[in-house]
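Peer 1: Mind looking over this structure? Questions follow.
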Amino acid sequence: MLPRVVEERRWSGRLICWLAVLTLANRMADTAVTTPLMVLPQMLEHFETDQAAWLNASALLAGAIWSPLLAKSADIFGKRRVLLATIFVSGAGSVICLVATDLGVFLVGRLLQGSAMAVVFLTVALTRQISAPRVAMTAIGIVTSASAVIGIVEPFLMTPLIDRFGFQSVFVVSVALAAAAGLCVRLFVPESPIRSSGSVDVVGALLLGGGLAAVLGYISLGQELGWLTGGMIVLLVAGVAALAAWVVLALRVEEPIVDLRALSRPLVLTLLAVVLAAGSFQSVLQLTGLIAEVSPRLGLGYGLGDAGPVALLFAAPAPGIVLGGTFAGWLAGRIGPARTLLGGIAIGTVATFGMLAGVSSFPIAIASVGLLGMAAGAVGTSGFNLATALAPPERHGVVSGLVSVMLSLGGVVVTVASTAVLNATATVVDGAPQNSATGVYLYVLIAGVLFALATVTAWVLVRKRFAAGRAPGSRGRHARVTG
C-alpha cells in the first residue's frame with residue numbers, strides 16, 4: 001500500500017490562501033458558463049439569429065464533451081496542471097466570444113468556454129489531495145459553495161457594465177477572471193501528490209463526451225426545436241449509439257476513461273442520489289422564477305407577484321448554498337459524508353413539499369427556497385466528499401467528474417420533464433397562455449417524489465455504512481506518489 005502524501009493536516013493561512021484561489025477559479029467557471037445568459041437577448045440581436053436554444057445550451061453541451069477527457073487526464077498528469085490548462089482553454093474561448101463577428105465563430109468560443117464546467121470537479125479533486133481527509137471535507141464545502149455569495153451581487157455589478165459597454169463586457173470580465181485565476185493557481189496552489197499510471201483513452205473520452213452531449217442536446221433543445229424533427233432524432237440516435245459504443249469499449253480496454261468494472265455499489269448509489277436530488281432542487285428553483293411575478297389577482301391559484309421583493313426570492317438560495325455546503329463539509333469529517341448527504345436530501349424534501357404552500361405564500365416561498373439552497377449546497381459537497389471517500393486517490397479526478405456530470409444531468413432531465421408537464425396543463429387567461437395551478441402543483445409533486453426517492457437511496461448508504469469515516473488511499477494499486 002502506497003503512503004498518502006498530505007500537504008496540510010490542519011487549518012492554516014496557507015490552506016486558506018489555496019481555498020481562496022480555488023474559489024476564484026470556480027467563480028471564473030460560473031462567469032464563463034452562466035453569466036452570458038444574462039445578455040442572451042442582446043446576443044441574439046447582435047448575431048441576427050433566433051437560435052436562442054443553441055446559444056443557451058452550447059456551453060453545457062461543450063462541458064459534457066470536455067469533462068470525461070479532463071477528469072481522466074487530471075488523474076494521470078496532475079489536477080493542478082489540468083486545472084491550469086482548463087482555465088487557459090476557457091479564457092481563450094472568452095477571447096473568441098469577445099471578438100466574434102458571426103455566430104459560427106462565437107459558438108466555437110462557447111465550445112472552448114464550456115471546458116470551465118470541469119473546473120469545479122478539478123478543484124474538488126485537488127483539494128482532496130492537498131489536505132488531510134477530515135480537513136479536506138470542510139475545504140471542499142467551502143470551495144464548491146463560497147462562490148455563490150458572489151452570485152448574489154453579480155447581477156448588480158454586471159448590469160451597469162452591460163448597459164454601458166454592451167454584451168461584450170461579460171466576456172471581458174470572463175477573460176479577466178481567467179487570467180487572475182490562472183495566475184493565482186500557478187503561483188500559490190501546489191500540485192496533487194498522487195497520480196495514476198496508464199494513458200488517456202481518447203477514443204473512449206470522445207465517445208462518452210460526445211454521447212452525453214448529444215443526448216443532453218436532445219433533452220435540452222427538443223422542446224423548442226421539436227422532439228420528432230429529423231435533426232433531433234438523428235441527434236438522439238447518434239448520442240445513444242456513441243454511449244453504447246463507449247460501454248463496449250470500456251469493458252474491453254485495459255485503461256478505460258471510466259472503469260465500469262470498478263464502480264462499486266455504494267458509488268453507484270451515491271451517483272443515483274445526487275442525480276435525483278440535483279434534478280429536484282434545480283427544477284424547483286426554475287419554477288420559482290416562473291411564478292415569482294405572477295399576480296395572485298389573476299385567480300390562477302398561485303402567484304407571488306406584488307407579495308414581496310422578487311429580488312429577495314432569487315437571492316435566498318445563495319446564502320443557503322454557502323451555509324449548507326460549508327456545514328455539510330465540516331460535519332462530514334465527524335459523522336461521515338453519507339449521513340450529511342442524507343441530511344441534505346431530507347432538508348430538500350421538506351423544502352420541496354413546503355413549496356406546495358409556497359407557490360401562493362411569499363414568506364413560505366422564501367423559507368422553502370432558502371432551505372432548498374441549503375440542501376443544494378449540502379448535496380453537492382456531500383456527493384463530492386462521499387464519492388472521493390469511496391474511490392482510491394488515483395481515481396479522484398474521474399469520480400469527481402462523475403458527480404459533476406450527475407449534477408448537470410439531473411438538472412437538465414428533470415427540469416425539461418417538469419416543464420413539459422406545465423406546457424401540457426397550460427390554460428388561457430384573458431387571451432394569454434398561463435401555467436395552470438394543476439400544472440404547478442404537479443411540478444412540485446414530481447420534484448418532491450424524486451427527492452423522496454433520493455432520500456431512500458441515501459438511507460440505504462447510511463444503513464450499510466458504506467462510506468462513513470472511510471479515508472481514501474487504501475486501494476491504490478496503480479497510484480504513484482510525486483513531489
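From the backbone N, Cα and C atoms, a Cβ is placed for every residue, glycine too.
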Peer 1: Could you tell me which of the ranges 21-39, 135-153 is annotated in TrEMBL as transmembrane segment?
Peer 2: 135-153
Peer 1: Could you give the residue numbers and ranges of same-chain residues that sit at least 6 residues beyond the transmembrane segment (398-420) on either side and whose C-beta is under 8 angstroms from one of its C-beta atoms?
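Peer 2: Sequence-distant neighbours of the transmembrane segment (398-420): 60, 63-64, 67-68, 70-72, 75, 117-118, 120-122, 124-125, 128, 212, 216, 219-220, 222-223, 257-259, 267, 270-271, 274-280, 282-283, 286-287, 380, 383-384, 387-388, 390-391, 443, 446-447, 450.
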Peer 1: Under 8 Å between C-beta atoms and at least six residues away from its ends: which parts of the chain pack against the transmembrane segment (200-221)?
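Peer 2: Distant contacts of the transmembrane segment (200-221): 53-54, 56-57, 60-62, 64-69, 72-73, 76, 232, 235-236, 238-243, 245-246, 249-250, 253, 255-258, 405, 408-409, 412-413, 416.
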Peer 1: Six or more residues beyond either end and a Cβ under 8 Å away: which residues meet both conditions relative to the transmembrane segment (440-462)?
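Peer 2: Sequence-remote neighbours of the transmembrane segment (440-462) are 266, 269-270, 272-274, 276-277, 279-281, 283-284, 287, 291, 301-302, 338-339, 341-342, 345-346, 348-349, 352-353, 355-356, 359, 386, 414, 417-418, 421-422, 425, 468.
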Peer 1: So are the transmembrane segment (135-153) and the transmembrane segment (165-188) touching or not, going by 3+ C-beta pairs under 8 A with a sequence gap of 6 or more?
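Peer 2: Since fewer than 3 Cβ pairs under 8 Å link them, the transmembrane segment (135-153) and the transmembrane segment (165-188) do not come into contact.
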